[in-house]
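Here is the structure we will look at, set down as structure tokens.
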Amino acid sequence: MPRNYLFSSESVSEGHPDKMADQISDAILDALLAQDPLSRVACETMVSTGFCTIAGEITTKAVIDYQKIARETINAIGYTSADTMGYSGDTAAIFVALDKQSVDIAQGVNEGEGIDLDQGAGDQGIMFGYACTETDVLMPMPIYYAHRLMEKHAELRKSGELAWARPDAKSQVTVRYVDDKPVSVEAVVISSQHSPDVDHDTIEKEIIEKVIRAVIPAELLHEGTQYFINPTGRFVIGGPVGDAGVTGRKIIVDTYGGMGSHGGGAFSGKDPSKVDRSSAYMGRYVAKNIVAAGLAEKCEIQVAYAIGVSQPMSVMVDTFGTGKLDDEAITELVKKHFDLRPKAIVQQLDLLRPIYKKSAAYGHFGRELPEFTWERTDKAAALRADAGL
């Protein structure tokens, strides 16, 4: 009997307070890497009513204006008036509390130091990569459309077409699966911060017509699709005034929307020596190439590291019964075609560049921007040939 179920994923806008924090942390990371590609960065941001705090550990030769970067990032998102929006990059108090990277950690990461003379992992941990055939970019459908809805919302807000819209927003997409294949969108939830002078009917009509129907293909929608637009009825107070925001609190939004697994490590504000970020990007690259090669319809890879050690503790591939080869054989292909040591990951994906602010909203995966090397499928042909397909 065909398996019939619903699966939902959410996204948030660039104006959501947690995403604001992610973007500030990654804007700082980019500025540091632009001057000193070997910067060691662990930058955490918190935003709340009237202020922004930047903390963490940074070792760098770069000299940057942390406050200026934070203010510019906040204003670019759209928080430009404390009077009308409750928050502004121009008037928020910016606190900076930074230290250097621990020398104990550094000796395990610096090449030629510590017990393993190769560049070791910046921490222990488990990282996952995932890909599937549900969309052209090999991402799960629910998170893919949840992100696209938020991108469209921001586009129309900034152009003035949604004149009432303000930066804070969230989306959620529920997809029906039959035999593990997506067949329809059953529900869409969008909550958008708005000006106090617009009525709910206008918000509902414009979100459905200008955002949802512009993004989700008509063949996926049907008469029974449910739309929940600002279901509380009012969303005037938003952004950092409505909720405090902190770097690294949207890790499922950042990845696969709850489909597949997550090792728990956040991305934003971390330089590529942190395997939380670089190995998760590599995992996406590996999984996407396996699926692009036709070795499986769905693929998840887990990689584990120990701090200061270059070689992974373990590598595991799961194709959920969709593989053309058994999972053990695909795991061996991965070990043959991909070097999973931290320094090799940085080199293969060219990660010592100021490319991270773009990743900090609307998903780190599934957007085929030129800078996002982990979205390339340049290993697919070699994998397919080696598999004998």
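In case you wondered, yes, glycine gets a Cβ from its N, Cα and C as well.
Quick look at what Swiss-Prot lists:
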- H16, D168, A169, K170, R234, F235, D243, R249, K250, A266, K270: ATP binding site (BINDING)
- D18: Mg(2+) binding site (BINDING)
- E44: K(+) binding site (BINDING)
- E57, Q101, D243, K274: L-methionine binding site (BINDING)
- 101-111: region 'Flexible loop' (REGION)
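Straight-line distance linking the Cα atoms of R234 (ATP binding site) and D18 (Mg(2+) binding site), rounded to a whole number, equals 21 Å. Considering only the binding-site residues D18, E44, E57, K274, the residue whose Cα is spatially closest to the Cα of D243 (ATP binding site) is D18. Largest Cα-to-Cα span within the ATP-binding set H16, D168, A169, K170, R234, F235, D243, R249, K250, A266, K270: 36 Å. Contacts of A169 (ATP binding site) defined by a Cβ separation under 8 A and a same-chain sequence distance of 6+ are given as V12, S13, G15, H16, M150, H153, A154, I190, S191, S192, Q193, in order along the sequence. When the binding-site residues E44, E57, K250, K270, K274 are screened for a Cα within 10 A of the Cα of the residue listed as 'Mg(2+) binding site', the ones that qualify are K250. Cβ neighbour count for K270 (ATP binding site): 27 (other Cβ atoms within 10 Å of its Cβ, all protein chains included).
Taking every protein chain shown into account, H16, K250, K274 are the binding-site residues, and of these the Cβ with the most other Cβ atoms within 10 Å belongs to H16.
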